[in-house]
Amino acid sequence: MSQQGYVATPPYSQAQPGMGGYPAGFGSAPAQPLYRHYGGPPQSFPAPPTGKNTCLWSPIPPVKSSSIYIQQRHHNLGTLACSMLLLRLHSCSVLKVDHPPLAFPAGPGPVQSPQAPPTSHLTQQQFQTAPPTAMGHPPMGPHSSQMAHPQSPLAGPTMAGPQSMGGPPPMGGMGRPFPGPPPPGSLTLWNCLCVKGQFGGQMAGPGMAGPGMAGPGMAGPGMAGPFQGGAAQMAGPPQKKLDPDSIPSTTQVIEDDQAKRGGQVYTTNLRGQVPPLVTTDYTVQDQGKAQEYQRTVLQTCRPSLAHLTQLIKGFTPMYVVNHGETGPIRCNRCKAYMCPYMQFTDGGRRYQCGFCNCVNEVPAFYFQHLDHMGKRVDFYERPELSLGSYEFAATLDYCKNNKPASPPAYIFMIDVSYANIKSGLVRLVCDELKTLLDNLPSSMVKVGFVTYNKILHFYNVKSALAQPQMMVVSDTAEMFVPLLDGFLVNFQESRAVINNLLDQIPDMFADTNESETVFAPVIQAGVEALKAAECSGKLFIFHSSIPTAEAPGKLKNRDDKKLINTEKEKTLFQPQKAVYEQLSKDCVSQGCSVDLFLFPSQYVDIATMGDVATHTGGSVFKYSNFQVERDGQHFLSDLRKDVEKAIGFDAIMRVRTSTGFRATDFFGAIHMNNTTDVEMAAVDCDKAVTVEFKHDDTLSEETGALMQCALLYTTISGQRRLRIHNLSLNCSAQLSELYKSCETDALVNFFAKSAYRAMLNQPLKTVKEILVNQAAHMLACYRKNCASPSAASQLILPDAMKVFPVYLNSLLKTGPLVGSAELSTDDRAHQRLSTTAMGVEDTQLLLYPRLIPLHNMDVASDVVPTPVRCSEERLTDAGMFLLENGCSLFLWLGQACPPEMIQSIFNVPSLAHVSLPELDNPQSQKLRSIIDSLLDQRPSSMKLMIVKQKDRSEIMFRQHLVEDKGLHGGASYMDFLCYVHREIRQVLT
């Protein structure tokens, strides 16, 4: 789901239709709605502007959810996005493959819902090749005939009941197995999602190779063994080719959901309902659940549910409740904050906590009578009682050292070594900062400047000075800040001195020959400066090379291609600990976030340098072989977005749940000193945190499952706030109800983050094996317990998960998980770190890019053409296509593009002269408007690359066609479907 900003609505004193039995609208709305912080004076806000980016007026504040959310997202801070959908299966998709009949194992009958979901038969054709040996994934071993005991995705095999199941060791940090056997008659969720089974050995078990399926030793010519991505040897008579249009299409699913649910108002007052897809435009109306900020894998849990997933994603403005010096009202036992799930009793004098059932006294100032339905008469006047998301003004008890928080500071730290001076980067940065600092997210933010190579230069830019003053620190082993007064200043007050400094820096180091740099002391200097100023903040570091100067944090080149596809490949992505690990802790403790802009011409060990940024809530931007003329605008766009976006600092997050389940693991740009508190030096609108939940006890179908996420942070203006998000989920004893509301996008987000963490401790082969095994067991569980009886030759997929295989296959082909010496180690490490902090919509786009045909676009229409399937088969020699995945942007031109189209768009006679189009005609203006709209939607800038058919540059473009075979290994979508089908059959035997 993509969101947009909160829009003001009629006063809380009005009755809310559809809630609490009140009739719609007590009286008429005032001409100008009045809003206030609770306990403060009323405030007047203008009505929202009209247009696509706003919400309709409604009784409860709506949040627009649309695919253009990111256009407004930089005005917001970081939000809770939970992922627990009820696997939606009004129907299931069926693919038939011609295999021998498969006998189901004897045992208790399947757990059926009252009515089996209807199925749709797509085809009854045969695959042309033998898919199992055409895979680019590691061989899989035979599976146990039993559904093994549950554990979280990407956890290694362990003991399951009385039988030991062999395989690789458990994956560190990937979840914990459940000891003991499952409850009788119950099937936990992760029996579907992951299983402790045998993961080694050959893929095909004895007797499993039938027509169209290759057994051991059936690899065709040119193959080094099973799953190497080559063509498989036929194991039977020639077969017909399966029509690609007959297999589930991601673009069709997105288009259908937009047509069915686009433009609708989605209210959150009904527990367990499934929101539209993240790609759909719709309006969210908050009526007690924070679902506009949260996406969950399941909206309904079984009473024996094992794990859930929760995500945190970008903030929008919301109501602030201020109880003065008393502070927020909380449960005395579990410390949950006041929310819609608290039940008031005894005439309003007490309330029962919905999370722990503790009965608490209502403070005298908060007392209010109850109406005839047991609801407080001020229910609609208090956001904390009627909304799912709101904020509390925090008291001094929530501040460090019981002192009020100070506004944060931004420190710009520029590498002035030879490489950056020669490339023109230093002058480009200095020129941009002169105007960019006018657009800081708050005028209260202070700024400071440091330049460095082997030594550090601090600048005094106090407004009283006529010229800036430089102070040099050459002892990088014991870093300190040589000045306090004048280093961090208000830009508006010191504008003249700062502009003078920015003019002098490029000339000051123009003749430098120093090529060695330090890195860790630079971050340490920033931390010390913020500590001295007693504030939080962010470091913007512009760096070009691996730090080789003699100083703490010196790194060595460890890029050894010989380690690729070996047990030691994981060491390439493990950060070098010692100094940098302690540095991350120091940054988080001070609320110091690090944003790293890298301009390397060779290996720089991003796995280590970027690790500090990742653990402090920061970002890593990479511009290889940087040239100002070619890459300057791309870099400046990223810098502007990064400086201007809304952000919070010094954040701590705690997730509370009702009895029966609890949060156990967290994924994101975070740091954790214990198992419950998530610490973030900064949290912004582009970051997401994924939370894994574990089941401990029986859940009640009547009361459901409740979650509350509380985020304590400092605003950009220096106010301490508590942001609260509440969510309630259904519980059901029917397994089919789970599959009816599964959200594939959220599930894949969790799988990607789990896999990228696991690869630090396990070989890539093991990680990929477990991913595929989990998918097979998940789908086998559905077939065994929920689907109608059908022939074994049919591949049956839940309707809500029918495109899950294409996402999983795309994940297996991403750079971090592909062991190829052709890929840069730094690029792989960079993608791994970036994905760790992504939200659901970002991973969805990354794993299935948008391929937009432009050759038939309507110049008069404002609508972007409908994307097509991401496959080479959709390209045409006479066509023009735009491909974007949130990180890369390509304009592909077929070799037979009509000359008149080339002339009308690019104003050149032929393909040989094509460059970026000028805005001098309707066709080029339409193309530019489409590109600009895509760039505005994404959290980071994308550099447009023009690719001509059959040029060498086309290789980079084709690796993003995720339905085709991977250029560096990996199966096509069709081959992977057949492979998954075979794995499912092995599970069920």
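Just so it is clear, glycine is given a Cβ too, placed from its N, Cα and C backbone atoms.
Remember, TrEMBL labels are computer predictions, not curated facts.
Annotation comment: TrEMBL describes 112-122 as compositional bias 'Polar residues'. The compositional bias 'Low complexity' annotation in TrEMBL covers 123-134, 227-239. Marked as domain 'Zinc finger Sec23/Sec24-type' by TrEMBL: 328-366. Annotation source TrEMBL lists domain 'Sec23/Sec24 trunk' at 406-643. Residues or ranges marked as domain 'Sec23/Sec24 beta-sandwich' in TrEMBL: 648-732. The domain 'Sec23/Sec24 helical' annotation in TrEMBL covers 744-843. Residues annotated as domain 'Gelsolin-like' in TrEMBL: 863-930. The region 'Disordered' annotation in TrEMBL covers 105-183, 227-270.
When Cβ-Cβ distances below 8 Å are used as the criterion, the domain 'Zinc finger Sec23/Sec24-type' (328-366) is approached by residues 288, 321, 374-376, 384-388, 392, 394, 656-659, 703, 706, 708, 710, 722, 724, 726, 728 of the same chain, each at least six residues removed from its ends. Here the domain 'Zinc finger Sec23/Sec24-type' (328-366) returns a mean pLDDT of 96 for the predicted model. Note: the domain 'Sec23/Sec24 beta-sandwich' (648-732) comprises 0 helix, 54 strand, 31 coil (DSSP; helix = H, G, I, strand = E, B).
Per DSSP, the secondary structure of the domain 'Sec23/Sec24 helical' (744-843) breaks down as 68 helix, 5 strand, 27 coil.
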